[in-house]
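Down below is the structure, laid out as structure tokens.
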Amino acid sequence: MANSTVAEPEKMEQSGTCEEDEEEENMEGDEDECDDDEEENMEPAETVTIGSTYKCRRSDNTLHAAEIIKTRKTKENAEEFYVHYVGLNRRQNEWVDKSRVLQAKQIKTEELNNTEDETNGVSDQSEGKAARSNKRKIEDGDGDQKKRKVDDEEDDFTEDLTCPLCRSLFKEPVILECGHNFCKHCIDKSWESASAFSCPECKEVLTERKYTTNRVLANLVKKAAVGVKDKDVKPKEKCDEHDERLKLFCKDDGTLACVICRDSLKHSNHNFLPIQDAVGVYRDQLIALVSPLETTMKENQKLKCDQSQKISLHRENIVDCKKHIECEFEKLHQFLREKEAKMVEDLNAEREGLLKDMEANLVKMTDNCEFIEEAISTTQSRLNESDPIAFLTDIKSFIEKCCEEHRKGVPAESVLVNKELSQGRFKGPLQYIIWKELKSVVQPGLAPLTLDPNTAHPNLVLSEGLTSVKYTDTKQQLPDNPKRFSQCILVLGAEGFDSGKHYWEVEVGNKTAWDVGMASESSNRKGKIKLNPKNGYWAIWLRNGNAFKALESPSKTLNLTSKPSKIGVYLDYEGGQVSFYNADDMSPIYTFNGSFTEKLYPYLSPFLQDSGKNAEPLKLVHTKL
């Protein structure tokens, strides 16, 4: 009988034995006859309940117990059921119409387990007794067979909880409209390049990209994971499509293949490697990835270390600023305590803003280091994999992911954040900053500076008191001594400083261009000079009436809220600080930080006259407070 032909291999596969026993064959034959009798007495079920188990006619025209999973309506408004066949070695689900659900009576689990005993009961009594006797002998004498059966059941259970795409236990399982389950990540990836959304299992085209989280399945996976987490899940060694051994690796698709896959249209004109050769090729690629990753790791670790050092330095700088603030305000006695508290409050506010970005960047760098360390660990784990099948599974996507992370290198935002504290505000001449409010209290006087005529460019004219300078189109005949500027239109102060703290002011008025700053004693005076700290110049300038710059290397554009008429200059020699202020309201303009090893001189430049628009002189301020 046709049914007997199908049932016998199925029973042999489930029992795990290939023994040809005459009594067993007779028993199986009798069971098939009972199945035929049972089918003759069946009719389509009148009502079908989701979650219940019924006899269902399979696509190969055989009967098998099936659990009803879900239902749907076809375009013709006919009802269909998505069923799961119980007890098969391979998971098999499908949609069936109502006519194929043949038994309305719910089949209990005990009935399923005893199906063979019940069907054998319709055979003659002597054969039934012989079969039961034979069964008891098998149960009593074949413990290994029982163990294999339990293992098979566990494998079936694990198979039901395995994503058909990644072949691993479900992660965030979702269920499609057709009833098939996949990992959320797997189905998203499968649909990325698809023109239409369809189920990878049954190929049913879906109306939209839609799925639902399967929480029940997720809970089952969690429970199953407890039992299998210590077991090694070996990759398949046979092709799912052709049931042939996987002997090749497709370089174009990055997948394992059998010899039939190689000759199929799907892999037409593709390049293949034997598995062992592919292991060698991709192992070399992984090895080549380790070194760049380690280099990137070292770079991130260095940045992390540098950032930590910068944060420590800024913390120390904040402490120094606070001490300076407290010391200066102590000189102003008790009635200035309120102003002191306000300054400390502003410092703390700037501290929070300054350290926030740097500490956030430090966290990013720490995360980068941890991420790269994890990538190295994952790569090393893959390199240590001895099983070629496991090694090559998803190897191409794995390497592409590693390459992508390496190409990123140190992300653009993962650079050293080095924000400067407003030293000009908190560590400057605080008595002058509050001078406008406290003229009756502050009486230190400005540094009495004069200009050195032996350093002045020949087109510069100094006042009789050597306190102002202006440009003239007539070049004066002056001795070309080593101190004199030959090309740059500059003049130095007569008094230099090699210690202490000093403050002075320069009146710039409405001039459209000027330079104000400091110059080292050994700085170059001849020819064209690049004015920056590397060459011994710390200065700011104005050009074209509104373009302010700090002469760093490279120069920095300064955005001032108002155009100053006087520039204040503060030098803290031991502190390595030169700060510039809008002397009208003592708002800080810019601060240079460094270390000084020789005497420093004030320097001025009135610049060119600009057709009379910039003819005003620069003046050193000697007014008492």
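A Cβ is built for glycine as well, from the same backbone N, Cα and C atoms used for every other residue.
These come from Swiss-Prot:
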- 48-101: domain 'Tudor-knot' (DOMAIN)
- 163-203: zinc finger (ZN_FING)
- 234-275: zinc finger (ZN_FING)
- C239, H242, C261, H267: Zn(2+) binding site (BINDING)
- 337-386: coiled coil (COILED)
- 429-625: domain 'B30.2/SPRY' (DOMAIN)
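Counting other Cβ atoms within 10 Å of each Cβ, the lowest count among the binding-site residues H242, H267 belongs to H242.
DSSP places the residues of the zinc finger (234-275) in helix, strand and coil in these numbers: 8 helix, 11 strand, 23 coil. Among the binding-site residues C239, C261, the residue whose Cβ has the fewest other Cβ atoms within 10 Å is C239. Excluding C239, H242, C261, H267 themselves, the residues of that chain whose CB lies within 8 A of the CB mean position for the Zn(2+) site are, in sequence, E241, E244, A257, C258, V259, I260, R262, S264, K266.
Mean pLDDT for the domain 'Tudor-knot' (48-101) in the predicted structure: 81.
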